[in-house]
Structures are given as structure tokens and as C-alpha cells.
Amino acid sequence: MLGPILRRELLQTGRQTRCFSSSSALAAREVKSLGVIGAGQMGLGIALVAAQKANVPVTLVDTSQASIDKGLKFAEKLLAKDVTKERITQSQSDQIRSLLTPTTKMEDLSNVDFVIEAIPELPSLKMQIFSSLAQICPAHTILATNTSSISITKIAASTTKDPTDTSASSRVVSTHFMNPVPIQKGVEIITGLQTSQETVDTAVAFCKAMGKIPSQSADSPGFLANRILMPYINEAIICLETGVGERDDIDAIMKNGTNVPMGPLQLADFIGIDTCLAIMKVLYEETGDSKYRPSVLLRKMVDAGWLGKKSGKGFYDY
């Protein structure tokens, strides 16, 4: 058995490795402007919360003008809802909206202090974007990704052709926000092999300014949240495809038995069936462990275009 003094020391050490000390914030750079790449559900949510909570101007980048228009329309709908419920005033809503500047040109990020990439889980596209950001952004800009599964070390490596030059790669970090961003408080901070402490401190401080509660994870496949969550969802889908239970029974037992707000199949619909598959593929391929093999039904649903809430059909109809 551990003695009381040793036990206290171990508990204290555990707390130190899990918590972000107030002193680390002193090393953080001040973030006065943000760039967000991707005007989808995640990117729009990040941009809106940054404008509303951190009160910083946000440049929202997407190659599709249609996606930008759709995203901003949704942002305006959310703000109008907050006004109706008297969470904010109309003048505050107008101020928040004025902080969002849309563009289809990534070159418009040339003066921002912090960039968060929030595009689909496509490794080659993310690396292409970070290679460009290293050339476009100032030397102090933090280059963050919202990836939910791809190695931060690999993404950071794409910022330079010379591995010994860490001037850009040291500024790469993951700020993995939870969906929906305006509601969920948690955010994972994941560091690559090259990530500097100043980058971590700045990311933590900025996420706190956005009203989030950061947790740190090692750069391991799936990180913390999806390493735990996705196998749970995948197993629920296997239960459905093998007839262990029906859709409503699977979701009901988890809601009523574990007090979660929604069951795993409904949650998969809200996350996106394609996103779930992409993450499970990364877990399976990176670890080689069969327990992470994506279910057959999960693959078939993506093939059918049944991607969940965003496509109007998944395990449920919307």
C-alpha cells in the first residue's frame, strides 16, 4: 500500500500534468484576430463563438461562396434566437455579426494572429492548407487544426521542406472543438512533436477566452474524445446491423441507462456518418487493432449518401 505522503505526492503530480497552470498563461501571446478555414457546421460555430465570447474579428474562409452564404445565414439565425430569448440585445447581435468577415481567398489571412482549420478529415487537403498557411501568415501566427483524429506531428511537418526548420511547425497545434461548438464547453488541445510551449499556452488562453474548458491529449490516434467515443458509436452500429437491438432500443437504453442526452445512433447522425467513418478508419489504420474496424453498415450508409442530419437522412430522417 502507498503511504499517505507518497499518495499525496502522486495525486499532486497527476493534477499538475492534467491542469493548465495560471503561470503558463503569462507566456501566451495575445490574440487580436482570428482566421477560420471552413464555413461548415464546425467552422461557423468556432467563428461565431470567437466573435461572441472572445470579441475578436474573424475572417471566415471557404472556397465555396454557397457554403459561406449558408453558414452566415445560420449564424444570423442563431443570433436572432439569442435576441428573442433575451440572452443578448439586438445591438450586441449586430456587433457580433459585424466581426465576421467572409472571403473565398486564403490570402486574406495574411494579418491574423491565430488560424483554426476546420475542414473535413482529408489528410492530404489539410497538409496542403498548412503548407500554404506557413507561407501566407505572419511568423507569429498560431496555426491550429480542428482535426479529430489526424496526427498533429504529420500536419506540422507539412509546413516546411526542411525538418530542422521548426519556425512554422512549432506553431502548429490542435484545438479540437466539440460539436455543436456554441453549446459544448470542452476542447482538446493536442500537441505535435514540434509544438512549442508558447503555442500551447496561447491556444489554451484563447480557448478559455472563448469560454471553453481545455483538456490536453497526446498526439495519438483519435486523441482522447474520439478514442473513447467512436468505438462506442461503432459498436452501437454493429449491434444494429447484427440484430442485437433495434435503433430505438439501442438509443433508449443508453439515454435512460447512462443519462446521456442522446443515444449513440442519434449522436452519429449529428456528428455526421461520414465523419464517424473517417475517424474509425484512422483509428484502425494507425493502430492496426481490429477492435477499431469500422462496421459494415457504417460504410454502406456513407456509400448511400445517408450522412445523418446534414444530408436529411441517417439512422433517423430529418
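From the backbone N, Cα and C atoms, a Cβ is placed for every residue, glycine too.
Per TrEMBL, these features apply:
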- 34-214: domain '3-hydroxyacyl-CoA dehydrogenase NAD binding' (DOMAIN)
- Gly38, Ala39, Gly40, Gln41, Met42, Gly43, Asp62, Glu121, Lys126, Ser148, Asn179, Lys310: NAD(+) binding site (BINDING)
- His176: site 'Important for catalytic activity' (SITE)
- 222-318: domain '3-hydroxyacyl-CoA dehydrogenase C-terminal' (DOMAIN)
Gly38 (NAD(+) binding site) to His176 (site 'Important for catalytic activity') - Cα separation in whole Å: 14
DSSP-derived helix, strand and coil totals, residue by residue, for the domain '3-hydroxyacyl-CoA dehydrogenase C-terminal' (222-318): 67 helix, 3 strand, 27 coil
His176 (site 'Important for catalytic activity') and Gly40 (NAD(+) binding site), Cα-Cα, nearest whole angstrom: 15
Distance [Cα-Cα, Å, rounded] between His176 (site 'Important for catalytic activity') and Met42 (NAD(+) binding site): 10
Cβ neighbour count within 10 Å of Gly38 (NAD(+) binding site): 24
Site extent for NAD(+) (largest Cα pair distance over Gly38, Ala39, Gly40, Gln41, Met42, Gly43, Asp62, Glu121, Lys126, Ser148, Asn179, Lys310, Å): 22
Cβ-Cβ neighbours of Asn179 (NAD(+) binding site) (radius 10 Å): 17
Candidate with the highest Cβ count within 10 Å, taken from the recorded positions Lys126, His176: His176
Other CB atoms, at most 10 A from the CB of Gly40 (NAD(+) binding site): 18
